[in-house]
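Working notes, structure below.
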Amino acid sequence: MVRTHRWFTPWIMVLPALVILCVFALWPAVNTFFLSFTDVRTLSGGTIVGLDNYRKLVDDPQLRAALVNTVVYVVVCVPLLTFLPLLLAILAEKPLRGLAIFRTIFYFPVIASAVAVAVIWKFLLDDRGLINGWATHAGIIQDAVPFLSGRWLLLFSAISLTVWKGLGYYMVLYLSALGNVDPQLHEAAAVDGAGPIRRFWSVTVPGVRRTMVLVAILVMVSAMRIFTELYILGGKTGGVGGQDVSVVFLIQSSASGADGRLGYASALSVLLFVMTLPPMALLARFNRKVDE
Amino acid sequence: MSAEQHTNTPSVRRSRSWATAGRYFLLLLVAAISVGPILWELSTSLKSKAEDVYSQTPSLLPQHPTLDNFSEVARAVPIYHFAGNSVTVAVMQIVGNLLGATAAGYALAKLQFRGRKLIFGLFLSTLVLPAEATIISQFQTIVKLGLGDTLVGVALPGLIGAINVLLLRNAFMAIPEELDQAAIVDGANVWQRFRYIALPNVVGTLAIITILTFIGAWDDFLWPLLVLQSPDKLTLTVGLAYLQGTFVNDPRLVAAGAMIALVPILVIFAVLQRYFFRGVGEGAIKG
């Protein structure tokens, strides 16, 4: 490359982006650690309190519930959102009249605002909502199922919403991966007498294995970051007993209000970062391999 | 081709048309699951007061469709004003990214300077940070800057996205070096090469970034929820959460609010989906 510009020209071009990056990404990453050792509040300075916030984390019963919920969320979402979108992608891969319309419809929940679709689900799952109304009418149930107030039912309602909203996104990731699977492998397996299920396990799955790993990691990280579904379905108290919360939920609730406890919220943020670090590190290694 | 011969036998053709019918059935089933809840809410938003929305045998089609709910919801909360606030944030972020991310992406891709690799590494490194883990410190910064409870405060952290800088860097890298060399021989300076050679070659990426930024700003919830307090400053998602969480007990009005948040984005998406799927593919690998 011949240098044909003055030394500061690139810096002028990079500077605005670099300022935003430093002020709103790099500095907060460092500062969150500092804040987690203080009792800073939204409108007041605060002092260094050592490990106090971390001690409070250990004793916080709501955090314990949040961590249990996170584990349940990950354990349920990872297999569902790794396999269902793959099946959907297989269904939507081979050319068919009108397929583009179907793909677009499958993607609607993905781009829809999480708040708006959670509001819709809340209406469907209400004690008098469509699902309870229909099931009562059909005689399947006597009393309404408390989808929005039962401690576990609410969590599983939120999980269903997450899965419903995520299907289309991961389907698109699989669609490009399926395009790279050699069709001759399928033909050869079919000639050898392998049925569709056998071919799924011995041709399709090995062919998209890398994408499956990628999807599983992405689902795991986003399950750890869950917030909006719980906040809308359960309300800002986190369900009837305050048990249907997540780590991000607690970050938000402890930091909000005119006198939010930013120090404690920062300790929760550090915890969230530590939780997502292993899958994120895997993802970074994974991307490097893809690049090579 | 052996495959061609297979298609000619009647039994294979028959089983293939059964398979096609089966695929259509499954596709329709998933489509119904995907869009059913949204259609049901749309129907609710169009139902008049006379119709029971909680009926045990509810009808998908409103008996007497009306747009009253869309004007009445605005009497409960200033929902169209909220939508305007969301657009304001989105426009700020689109302009910021189109200018700032484009310039930075170009410098990182096409200009040699000391520290280039380091800066590229810094942009890349922030991708492993979950946004929610740094949100508290961002909030403190915004409050200290005096931008708490303002739309500028909502827009500022996303004004130039690291992922957009990286997407544009990749797009600029794909432009052949010879084009630049030829322009240099012709006496074009760096700004002329940026404007007349580089930019026309990344229009597709700029379109994707515009769409993604708009949708991101329109759908974002946690950050504006933290920054905004005044009822007249809320963005649409925060306003919608406020509408359904507090005093409005009429599901028709909440449904109208949800539709105001959904319909514009679905229309934009349906029109521009071709660009969109390409963008998701590119963004996901790095995201």
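Including glycine, each Cβ sits where the backbone N, Cα and C put it.
Residues 60, 262, 266 of the same chain lie 6 or more positions beyond the ends of the transmembrane segment (B:21-40) yet place their CB under 8 Å from a CB of it. What TrEMBL lists as transmembrane segment is B:21-40 (among others).
Positions annotated as domain 'ABC transmembrane type-1' by TrEMBL: B:83-272.
Per TrEMBL, the feature transmembrane segment maps to B:90-109 (among others).
Residues of the same chain lying 6 or more positions beyond the ends of the transmembrane segment (B:118-139) and with a Cβ under 8 Å from any Cβ of it are 104, 108, 148, 157, 162-163, 165-166, 169, 222-223, 226-227, 286-287. The transmembrane segment annotation in TrEMBL covers B:118-139 (among others).
Non-local neighbours of the transmembrane segment (B:151-175) in the same chain are 85, 88-89, 92-93, 96-97, 100-102, 104-106, 108-110, 120, 123-124, 126-127, 138, 142, 145, 197-198, 201-202, 204-206, 208-209, 213, 216-217, 220, 223-224, 227-228, 233, 235, 282-283, 286-287; each lies 6+ residues outside the stretch with a CB under 8 Å from one of its CB atoms. For B:151-175 (among others), the entry in TrEMBL reads transmembrane segment.
Annotation source TrEMBL lists transmembrane segment at B:196-218 (among others).
With a cut-off of 8 Å between Cβ atoms, the residues of this chain six or more beyond the transmembrane segment (B:253-272) that come close are 38, 41-42, 44-45, 69-70, 72-73, 76-77, 79-80, 83, 207, 211, 214-215, 218-219, 236-237, 239-240, 243-244. Per TrEMBL, transmembrane segment is recorded for B:253-272 (among others).
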